[in-house]
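> For reference, TrEMBL lists these features for the protein:
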DOMAIN    44-285  domain 'ABC transporter'
TRANSMEM  345-363  transmembrane segment
TRANSMEM  370-390  transmembrane segment
TRANSMEM  402-422  transmembrane segment
TRANSMEM  443-471  transmembrane segment
TRANSMEM  477-501  transmembrane segment
TRANSMEM  508-528  transmembrane segment
TRANSMEM  588-610  transmembrane segment
Amino acid sequence: MVTKKLLDLRYNEMWKAWNSTNEEVDDYSSTLFKRDLVLSWKQLNVTVVRKIPKLFGSSEVVTKQILNNVSGNVECGTLLGIMGPSGSGKTTLMATISHRTKGNFNGELLLNGRSVSEDVMIKISGFVAQEDISFVQLTVLEQLKLMAKLKMDRTTSNKVIKDRIDYLAAHLGLNKIMNSRLCFLSGGERKKVALAVQLINDPPILFCDEITTGLDSYSAAHIVNTLRRVAHSGKIVICTIHQPASGLFDQFQEVILLTNGRLAYQGSVSLVNNFFQKYGYICPATYNKADFVVSVLNSDGVLDRNNVNNMCELSSNVAQMDIKFNSFNKDVQSEYGHHLQAEKLNWITQVLLLLYISIICFIRNYKEKLLEFGTLIFLGVINASPYANLQFDTKAVQNWQGFWLCLTINTVFQFSYSAIATHQIKFSVVHREVSNKVYSLSAYYVSEIILLYVWVFIKTVLFCMVVFWIVGVNWVYMQLLVFMIISFASVSYGCLLSAYFSRVEEAVVFSTVYEYLALPLSGAYLSFKSLPKVLYSLRYVSLFFLGCETVSSLFWERIKSLPCTDVANCLDNGKAVLNNYGFVSSNLYFDITILLTFCLLANILGYFGVLKRMKKQPAY
């Protein structure tokens, strides 16, 4: 007789979700954190003001209230879900109580019955955003190591970091993808990595926005069961959830139900059915409880709307809120300073670590960099080919000067536009991580500038050697140095635009205006002798002029004589050539000083430009 084989579900995540009596005991719960935290929020009101520009007249101001008098409590050991229809304010509530929103809100946000600052909340909590953004060229292991070093105490040993990563990899199912780059992972896998990043330093409070959205039922169950174990280890875990599967909704101990920015219910998940039965709503036995609740809250029926309004009025009653607040906070008066004792890496170490990561991402993005370098060399060859093997006589003066002017102008264009998207590429990642105090903005900025300047140095050296060889220039190291300074100034200008404009298109438009004004002052298109003094003095704000005069002076001042083939129009030495084009050789070092000063000021102003953009709300 053949024995039938049955599928064993005992080790399946869905089985764990359905059979909640068999709880897995967390064998790695930290002993650093006690069950001593209560997070409360009272009468939160969040309003967004937007200006709609008009073609004529002043802009129209539109005000929309996102949260209306919302209150709640949650204590350690609790997995709390925030649920409601789309647009009900779930993410806004989470961003507000986690202090991740830059906007102002009215109401109280309390930890252990006392007001909690943004700085303290960010240090004490982790936040898993709905849309994960990270340095996608890193592997999972590299990402976790990086975040461990940046977020954990700087005295933490490598062994402790390795053990923590191994634990998270095992419990989140990451072992098979540890050596895979983030850019090659699926959406579900990236969410697991994002959760691991926030758990890496074992925070006592964890916020997760739409953590199960986009995941299959098995992966969603795996994530929720993991969060339940995290909560049972003595932590506060708060999640926004959107259409959870039948078994997952019951895994949450408590739930907050929102509708149109108002609180309809907060309490035990097991009592949700009883609460709705008071208003005549009975969930069918075979129906998804979460779907049933959302359908009631989202109904347009008159009776349904009246019932939901009654729910919200009951939940928003001031006396009721005070009773809940006092019952949660009366026994919790302990300090939570021990949660804030971790010391971050010093500034120099942050710079070196971020520079190392930037180099890894740079190398792995080699195809784009090779294309950028190949384009530069190709344009250099095209620019130099018409001037190949120039002779030294008066007939070739115009060709020589045309070569230097074209080469300088093209260098300014190529290097400035190659840097015009520098801060846009990684801004969303850096914005969120700097806002979460993972590392300082200045450390990231300095590491990026160092790597950028090294890359510019390599490109400029190879570019100049190819071009000079084609034309037959007997160059000296000073010429190479001058072109290096011009390249640095051009890149600094591009980075400055990138820092102040959030979109590349806007930066290009501004740059075009500047170039229309600065390019005629380069010396290639106008005789400086014919210009009014006011316009003549503006030449020092033109990178094109500073580059052209510097390169021309350096080249022609060494030419003491030229064979004169045309007596009527004879420029028989380098000084005569410079005078003819309106350049002054004695200004060489003055021009170099201006270019170097421009590099310094552009990078300093660029930092403050990025810092200004950091004050806006990061992507959550």
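Glycine residues also receive a Cβ, built from the backbone N, Cα and C atoms like all the rest.
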> Using Cβ atoms and a strict cutoff of less than 8 Å, what residues sit near the transmembrane segment (402-422) while being 6 or more residues removed from its termini?
372, 376, 379-380, 383-384, 387, 390, 448, 452, 456, 467, 471, 483, 486-487, 490-495, 497-498, 504, 507-508, 511, 515, 519, 522-524, 543-544, 547-548, 551-552, 555
> Which range wins on Cβ pairs under 8 Å with the transmembrane segment (588-610): 345-363, 370-390, 477-501?
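Stretch with the highest Cβ contact count: 477-501.
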> State the residues, same chain only, that lie 6 or more residues beyond the ends of the transmembrane segment (443-471) and have a CB under 8 A from a CB inside it; answer 'none' if no residue qualifies.
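For the transmembrane segment (443-471), the sequence-distant neighbours (Cβ-Cβ under 8 Å, at least 6 residues beyond its ends) are 347, 350-352, 354-355, 358-359, 362, 369, 373, 376-377, 380-381, 383-385, 387-390, 403, 407, 415, 419, 422, 426, 430, 434, 479-480, 483-484, 487-488, 491, 495, 603, 606-607, 610.
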> What same-chain residues lie close to the transmembrane segment (370-390): Cβ under 8 Å, and 6 or more beyond its ends?
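For the transmembrane segment (370-390), the sequence-distant neighbours (Cβ-Cβ under 8 Å, at least 6 residues beyond its ends) are 396, 399-400, 402-403, 406-407, 410, 414, 418, 459, 462-463, 466-467, 470-472.
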> On the 0 to 100 scale, where does the mean pLDDT of the domain 'ABC transporter' (44-285) fall?
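Over the domain 'ABC transporter' (44-285), the predicted model scores a mean pLDDT of 86.
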> Report, as numbers and ranges, every residue of the chain located at least six residues beyond the transmembrane segment (508-528) whose Cβ falls under 8 Å of a Cβ in that stretch; write 'none' if there are none.
402, 405-406, 408-409, 413, 416-417, 420, 497, 501, 535-536, 538-539, 541-545, 547-549, 552, 581-583
